Amino acid sequence: MMNRLLVFLMLGAAFMLVVSAIDQDANDVNMVKRFVSASCLCASDGPTTRGNSLSGTIWLFGCPSGWGDCKGRAIAGTCCKRE
């Protein structure tokens, strides 16, 4: 009986953790959650990374306002550059 109670309490705590992590305003995505903090190679940088700077930044859910898609290479997300 005690084991069932502990399992129930742990599942309840995990559920509350997930529910409390959801944003109240789903349309307002926080910049920290969108930004990966990794550089990427924009199309204007050239074909290879050798001798070229990585001028793009990877954003997970599209480019925010003030940034444009630089048609670069990113494994996940979008390669964006400040406009």
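Cβ coordinates come from backbone N, Cα and C, glycine included.
What you see is a predicted model, and the numbers here were worked out from it, not measured in a lab.
Annotation source Swiss-Prot lists disulfide bond at C40-C79, C42-C70, C63-C80, citing similarity to another entry. The feature signal peptide is assigned by Swiss-Prot to 1-21, with sequence analysis given as support.
Here the Cα atom of C79 (disulfide bond) is found 6 Å from that of C70 (disulfide bond). The two recorded residues C80 (disulfide bond) and C42 (disulfide bond) have their Cα atoms spaced 8 Å from each other. The CA atom of C42 (disulfide bond) is located 13 Å away from the CA atom of C63 (disulfide bond). In this structure the C-alpha atoms belonging to C40 (disulfide bond) and C70 (disulfide bond) are separated by 10 Å. With respect to their backbone Cα atoms, C63 (disulfide bond) and C70 (disulfide bond) stand 10 Å from each other. Within the same chain, the residues at least 6 positions away from C70 (disulfide bond) whose Cβ sits under 8 Å from its Cβ are C42, A43, S44, S55, G56, C79, C80, K81, listed in sequence order. For C40 (disulfide bond), other Cβ atoms within 10 Å of its Cβ number 23.
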